[in-house]
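Notes to accompany the following structure.
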Amino acid sequence: MNDYAGQHEVISENMTFQITAELTRFVQELKQERKSHFHDGRKAQQYIETSWKQLEASKRRFERDCKEADRAQQYFEKMDADINVTKADVEKARQQAQIRHQMAEDSKAEYSSILLKFNHEQREHYHTHIPNIFQKIQEMEERRIVRLGECMKTYAEVDRQVIPIIGKCLDGITKAAESIDQKNDSQLVIEAFKSGFEPPGDIDFEDFTQPMKRTVSESSLSNSRWDGKSEPRPGSKSKGKLWPFIKKNKGGGPEDFSNLPPEQRRKKLQQKVDELNKDIQKEMDQRDALTKMKDVYIKNPQMGDAASVDHKLAELGQNMEKLRLEAQKFEGWLAEVEGRLPVRTEQTRRQSGMYDTQNTSAVNNCAQDRESPDGSYTEEPSQESEMKVPVTEFDDEFDDEEPLPTIGTCKALYTFEGQNEGTISVTEGEMLYVIEEDKGDGWTRIRRNEEEEGYVPTSYVEVYLDKNAKDS
């Protein structure tokens with residue numbers, strides 16, 4: 001078994017040096033390259049937006065100059081038709097009209113020139129620049145895919161090299177298993193753990209017909225069975241060690257699995273709920289069978305006493321009630337993890353205090369063992385990226401490169417102690433910014449300021465999404 005484990009260590013070491021280290025360096029290169037492509041995309045987008053603003057400004061200026069030229073022309077015509085106006089005023093109005101007409105012509109020429117330039121830049125933007133950027137991103141992703149395929153081949157080779165040695169190890173394990181002598185093993189265990197107690201001797205006959213002092217045999221069963229008050233004989237082992245079959249309850253983490261990431265915790269809770277439901281069903285089947293048996297006894301008393309079944313039925317009823325309460329407790333935790341609980345008011349909050357207390361204590365007790373939500377369930381990548389490129393799982397590596405835009409606000413309904421990595425602590429009544437909606441895993445990503453952001457349970461906050469951000 002040690003040799004077999006050693007070969008797996010060899011596989012692990014080879015994967016670390018030949019695959020993990022290389023992929024880590026490759027991922028860093030891809031992050032920088034992807035960041036550069038997105039920077040180029042934002043730069044191109046800003047340039048075309050600036051050109052559009054210039055076009056709109058020249059268009060408004062041309063429109064304004066045309067209206068002013070029309071007003072100046074109308075004023076000149078009005079002055080020219082008025083016989084009471086001096087010739088100098090008419091000439092001044094005519095010159096003003098000519099100036100306005102010339103300004104309108106200049107604005108028209110400028111607007112036409114900027115329009116031609118913008119149309120050319122827009123064609124270049126949508127048919128050359130942006131397609132080139134997307135092509136580079138696509139080529140980068142294709143290189144990543146090829147590299148992952150090469151790593152898979154490398155792993156296959158690493159594994160294939162140790163297969164002959166693993167085969168020999170398995171042969172040795174098989175040989176060792178075939179050489180097991182269960183009788184000898186059992187005898188060794190008996191010799192190691194036998195109690196050493198002597199069986200009680202025969203009980204003496206006590207003649208009650210004779211007025212004699214009755215004594216109890218030293219070896220009688222009554223002496224070997226303590227009533228809990230008398231002292232055991234010196235040198236004898238304690239009574240508890242006579243029964244090695246009693247299982248001890250070993251602690252293994254918090255009952256609500258709060259030390260696990262959200263998705264793993266949900267699976268564990270679902271598994272526990274299913275097990276409890278199966279146990280409840282077994283108890284119900286036994287109860288139904290006993291109920292039928294009782295009915296038979298009632299109809300046919302000669303077959304048995306119906307009252308003898310009542311004790312077992314009562315015991316089954318108590319077991320079923322305990323199992324139902326246990327199932328309800330785990331279903332409550334499961335509902336909280338899946339985000340199916342409604343937004344709680346003060347009354348419902350007090351009613352569900354049991355779950356809050358248990359969750360909080362579990363978090364405090366196991367904070368050092370908890371993992372980030374990023375590592376437990378695959379974090380849904382942001383779909384609010386500026387370039388609107390198709391999002392893949394690989395994008396998780398780059399979520400921290402650019403801050404996500406704010407899509408709304410939220411109010412903390414309850415205090416949440418975010419002690420594990422990836423979460424953030426909030427206090428009741430606090431207002432925060434929402435940067436990523438709940439993707440179905442029961443967590444919402446929020447931001448307090450530029451440096452503080454993380455996940456909180458969706459059921460702990462009331463979200464107000466920005467309609468414009470959501471529509472865009």
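Placed from the backbone N, Cα and C atoms, the Cβ positions cover glycine too.
Database features, via TrEMBL:
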| type | residues | note |
| --- | --- | --- |
| DOMAIN | 1-185 | domain 'F-BAR' |
| REGION | 214-270 | region 'Disordered' |
| DOMAIN | 259-336 | domain 'REM-1' |
| REGION | 344-388 | region 'Disordered' |
| COMPBIAS | 350-367 | compositional bias 'Polar residues' |
| DOMAIN | 405-466 | domain 'SH3' |
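In the domain 'SH3' (405-466), helix, strand and coil residues by DSSP number 3 helix, 29 strand, 30 coil.
Secondary structure of the domain 'REM-1' (259-336), assigned with DSSP and counted as helix (H, G, I), strand (E, B) and coil, comes to 72 helix, 0 strand, 6 coil. Per-residue pLDDT, averaged across the domain 'F-BAR' (1-185), gives 92.
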